[in-house]
Amino acid sequence: MARYLRQLMRAHVVSRRFDPLILLWVALAAVLGFLVVNPLLRLILTSLEAPDTGTFTIANYLAAYGRPRYVQALWNSLWLGASVTVLCLFFALPIAWAVSRTDMPGKGAVRLMVLGAFITPPYLGAIGWILLAGPNAGWLNRLWMALTGAPEGVLDIYSFPGLTFIIAIYSFPYLFIFTASALDVVSSEMEDAANILGAGTLRTVLKVTLPMVLPAILGGAIVTFLETIALFGSPALIAIPARFNVVTTQLQQFFSPPVRSEVAAAYAVPLLLVTVAMFALQRRLIARKGFVALTGKGGERRLIALGPWRFVLLGYALFVLSLSVLLPYASLSQAALARAWGQGWSFANLTLGNFYYLLFEHETAGRSVVNSFLYAGAAACLAIGLSLSIAYIVNRRLLPFAGMLSFLCMAPFVVPGIVLAIAFYAAYAPPPLALYGTALILILAFTTRFLPIGYANASAAIRGINPEMEEAVRILGGGRLLAVRRVMAPLMKRSLVGAWLLVFIPATRELSTAMFLYGPRTRTMSVMLLDLSEEGNFERLAALGFLLLAATIVIVGVGFRLVGGDFMLRRGRS
Amino acid sequence: MTKLALVDLGRSFGQTAAVQSVSLALAPGEFVSLLGPSGCGKTTTLRMIAGFIKPTAGRIEMNGALLSDPHRVVPPEKRGMSMIFQSYAIWPNMTVRENVAFGLKLRRMPGEDMQRRLNLILDVVRLGALADRYPAELSGGQQQRVALARAIVIEPEVLLLDEPLSNLDANLREEMRAEIRRLHDEFRITTVYVTHDQSEAMVTSDRIVVMSQGRIEQVDDPVSLYNRPRTRFVAGFIGRTNFLDGHIDGGMAVFPGIAAPAGMVPGLKLAPRPVSFSVRPNTVALHRTQPAADGIWCFPGRIVERAFLGEHWDYGVQPDGSDLRLRVATSPQDVHGLGDAVWIGIDPARIVEIPPAESA
Ligand SMILES: Nc1ncnc2c1ncn2[C@@H]1O[C@H](COP(=O)(O)OP(=O)(O)O)[C@@H](O)[C@H]1O
Ligand SMILES: [Mg+2]
């Protein structure tokens, strides 16, 4: 035995001067170069080139920002982002505080509905609200007219405040998650310390609790702002009929024939820069003082007794959540199942015809459902596979400069979806690849878009497993591959399913990236929804949205069963 | 004959040298511990032996064959060793039996032999009844025994342990360190054991390697290490001690405020020079009256601190006219009050000369 071992050992004294892992590094770097670096580079180059000659020019920037209309759209976006953020603060902070720190009843239901708001594609909610608050015909307006006898409704969703509102009711979950997670680790002792010195509940909240979680709130506010200005679906549904533009709808107009992608690129670059700068700011906020509250063990936590006020808070939470979940879900399902939505709920008005039409009669709608799930599935697999390999190399320090790979994986986080789409267009629409309109370009763009989510989760999954688990395999005589197969893979299964779903779910509804890259046979559900909205047939539109929602709820439900608990509302997904 | 040899072994991480010129030879079946404070390079040394870390200097040999040098490293899976990790690293997705059988399966041991070996080892570590449980259903001590069984069952060339007991509570730790030694007596596997706990090292080891700042301070058996420390670090790290720093002058050992005949210390060179001694607290006696015995260093002094620890009294005494303070451990019957005048008796035959402190 010993002699055999000795022979074996001599045979395996390998020279480490050339490591085959280097090849893997090169391959991964090439993939990331293709997905991340090249498109962004092409975006910037395109914005600086004359379209026909390819010579250097700043004419595109002059064209993009030369007209007051275009500058106004940028201004509208910033203004919209700010208003949405403020509104979200009003929605999110009281609910987060109530759920995390007080004895408000019904917390489970509230959390569940926040999750509901979180997974609702904002453009679907917008459609629901068009049915609720469309001028005169909307349900709430009709209710108002019936109650007061007024000749006209009071609500007009096709307005700047309307747009602000419907974006805010679906964006506030970000702030909720940031704030609630920060509050979750503030120990009661810190509040007790203020109480014992004579401060009442409200004063304690304002003077002690709030300052401790302020950095988290600011971080959440910045994310909300950036998500808002990058949003395409809701503005397309609301702002265009309301006759104003924001950056994203303006970008779309540069893309409608005659396509002026170089102007679009120039128009998008400042959006990219704003986003990068604000994320940098957010990181500094969170890295600096603030999270002192996170360092302690949290100490003991006790819930604040609110007395009768707890029902007031619950009422407020339910009010906000019915705005974002209950009412629009009701109006959407009613329309989806109606022959004519304006006729209201009645047996005669009930039909499944809308679904039948979409799935079997419409030329591309059925296909778009398949496409959405297919592309999302493929993108999730690619993103997780790529993230896992890189996270493993980085985490095990297998290669030098692996940190660069991880930086590239996280980089798309600061690229708005619509900018990424233009970048992909600039890089891969022209020959030689000419991928425009193919399934491949959509899959690759989705992969890139959600790579940061995949990477953050894959990396957390790997970090969650003590490397000694793997070393124990190796010292007993198993190679690295065996260790990965027999130990790492089984142990990471659950968290990887979670990570996969966290990429898959947003990819099924991704609109802003798909918008500029789809072709006649590669429409996704999200694109299809927008197309249908132009036809103005709300019953069919609602039916398609209903399908998307139902599928999402089923998938999230499956995720809960497999992965358990709060897997979507955890902080630090990205 | 040498089983495992470390020759001038070194490893640096960037600028910092974690391990420097470590040389050590283990005889077959020997149990050696690496002992030292946290950060002194024990884990790095052990992981170099295992093949997880490549040395930046020197080499490692087993049975005369090269395992590691800065250019070549036999990967861990080809070394025929096994290791017990600080976290135990029991695979939670496998039962106790599957965990223990893993190494045997990799060695393609025939089924019947394997079952026999498995049952034997599971009985040795008293896990027979728990063989089909999953690790999450075991206590810390039981998990530890799974790790032991898994490592020993393959009859490794060398067994490596990295602070295996640090996650257990105090009682269990005492039990397990005895268990580890018992298994060693039974299987005689050449073992390298890393710990920062001197009593663990003393209970288990044939020889102890004391390390500090990446270097070996002293290699010796536990008794010699305690009685004959060769450096100030070892004297201070193994057990408690008093340092007496002074110089030799005209045949006297002169310390701040006190002096005693240097000739009484066996083998001490009497040439004038700075000198330092290590004096164990349990080699100092306290007397109410001046002791008559010859051959004892004797100083009047008084009690300035005391604490009763059950098994002994712990006194702080100060010789008159000196600001030295000596720790003294006496039997529980030896009671003195705070401020009492006492005679301090030091047996010169039991004090150890160590290299003088740098600053003194
Ligand atoms: N991967 C590493 N990178 C940089 N420094 C390291 C690394 N591993 C260990 N060190 C340093 O080497 C020294 C010795 O570490 P280690 O061998 O773990 O000590 P011990 O096990 O004795 O506590 C420490 O100063 C530690 O900070
Ligand atoms: Mg260590």
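Backbone N, Cα and C atoms are what each Cβ position is placed from, and that goes for glycine too.
These figures come from a predicted structure and were not determined experimentally.
According to TrEMBL, the feature domain 'ABC transmembrane type-1' maps to A:74-282 (among others).
Look at TrEMBL and you will find A:369-559 (among others) tagged as domain 'ABC transmembrane type-1'.
Here TrEMBL flags A:21-41 (among others) as transmembrane segment. Sequence-distant contacts of the transmembrane segment (A:21-41) (same chain, at least 6 residues past either end, Cβ-Cβ under 8 Å): 386, 389-390, 393, 398-399, 401-402, 404-405, 408-409, 411-412, 415, 420, 423-424, 426-428, 444, 447-448, 451.
The transmembrane segment annotation in TrEMBL covers A:78-100 (among others).
According to TrEMBL, the feature transmembrane segment maps to A:112-137 (among others).
The transmembrane segment annotation in TrEMBL covers A:157-180 (among others).
Sequence annotations record features per position, and here TrEMBL assigns transmembrane segment to A:213-244 (among others).
Under the heading transmembrane segment, TrEMBL lists A:264-281 (among others).
Under the heading transmembrane segment, TrEMBL lists A:311-330 (among others).
Away from its own ends, the transmembrane segment (A:373-394) comes close to residues 21, 24-25, 28, 31-32, 402-403, 405-406, 409, 439, 442-444, 446-447, 450-451, 453-455, 457-459, 461-462, 484, 496, 499-501, 503-505, 507-508, 510, 524, 551 of its chain (Cβ-Cβ under 8 Å, at least six residues beyond either end). The transmembrane segment annotation in TrEMBL covers A:373-394 (among others).
Marked as transmembrane segment by TrEMBL: A:401-427 (among others).
With a cut-off of 8 Å between Cβ atoms, the residues of this chain six or more beyond the transmembrane segment (A:433-451) that come close are 34-36, 39, 371, 374-376, 378-380, 382-383, 386-387, 409-410, 412, 415, 417, 420-421, 424-425, 503, 506-507, 510, 513-514, 517-522, 524. For A:433-451 (among others), the entry in TrEMBL reads transmembrane segment.
Remote same-chain partners of the transmembrane segment (A:495-518), defined as residues 6 or more beyond its termini with a Cβ less than 8 Å from a stretch Cβ, comprise 119, 121, 123-124, 230-233, 248, 252, 255, 372-373, 375-377, 379-381, 383-384, 387-388, 416-418, 420-422, 424-425, 436-437, 441-442, 445-446, 449-450, 453-454, 457-458, 460-461, 464, 524-527, 530, 548, 551-552, 555-556, 558-559, 562-563, 567-568, 573. The transmembrane segment annotation in TrEMBL covers A:495-518 (among others).
Annotated transmembrane segment per TrEMBL: A:538-563 (among others), in sequence order.
Using a Cβ-Cβ cut-off under 8 Å and counting only residues 6 or more beyond its ends in the same chain, the transmembrane segment (A:311-330) has close neighbours at 91, 94-95, 98-99, 102, 104-106, 110, 113-114, 116-117, 120, 124-125, 127-129, 131-132, 169-170, 172, 549. Among residues of the same chain six or more beyond the transmembrane segment (A:538-563), those with a C-beta under 8 A of the stretch's C-beta atoms are 115, 119-121, 124, 127-128, 130-131, 329, 331-341, 354-355, 357-358, 362, 365, 369, 372-373, 494-495, 497-498, 501, 504-505, 508-509, 525-526, 528-529, 532.
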